[in-house]
Amino acid sequence: MQALLFISYGAILGASLRWAIGLLFNPLFSSFAFGTLIANLFGCLIIGVLLGLFWQFPQISAEWRLFLITGFLGSLTTFSSFSSEVVELFFNDKWLNGFCVLMMHLFGCLAMTVLGIWIYKICLNFYLNPIHFGFAQLNQQIHRYEIRVIAYIAKFFVSF
């Protein structure tokens, strides 16, 4: 029962933030719901940061994981809204818009999750080694990650 409360409290906050993001960003574009994309991208970025944190510190309680990932970010990011918006575009014969929205959500969310993990790792390295951590080292780390991402993307497109 206690786990359900943690999930519920997180879900209230996540759903409220998602609603506010939709109100703010959806009017910007008439062709698709930009707020849903922003909510999903932002949520995936935060999920990446939290994954890095939880991997580094597995002793963080299950309640925090339930509150943050299952509750808050589970209700902030939304697969159902995303899928209904894409299907609506397809049913209205806006195939190109639908496909573009689909790709932006899919690849954007994956990229933001990876970026969140990198942000966490970079911040952790800076926190642990503030004197020895300089811009040259930061650039080297970013370059190593960029090479990995480019390799993964190339493998993905070659697989077709």
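Glycine is treated like the rest: Cβ placed from N, Cα and C.
Keep in mind that what you see is a predicted model, and the values were worked out from it rather than measured.
Lifted from Swiss-Prot, the feature list:
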- 5-25: transmembrane segment (TRANSMEM)
- 34-54: transmembrane segment (TRANSMEM)
- 67-87: transmembrane segment (TRANSMEM)
- Gly74, Thr77: Na(+) binding site (BINDING)
- 99-119: transmembrane segment (TRANSMEM)
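Of all the binding-site residues listed (Gly74, Thr77), Thr77 sits in the most crowded Cβ setting, with the most other Cβ atoms within 10 Å. Sequence-remote contacts of a segment are chain residues at least 6 beyond its ends whose Cβ falls under 8 Å from one of its Cβ atoms, and for the transmembrane segment (34-54) they are 14, 17-18, 21-26, 28, 60, 65, 68-69, 73, 76-78, 81-82, 85, 101, 104-105, 108-110, 112-121, 124. Within its own chain, the transmembrane segment (5-25) has Cβ neighbours under 8 Å at 33-36, 38-39, 42-43, 63, 66-68, 70-78, counting only residues six or more beyond its boundaries. Under the three-state DSSP scheme, Thr77 (Na(+) binding site) falls in the coil class.
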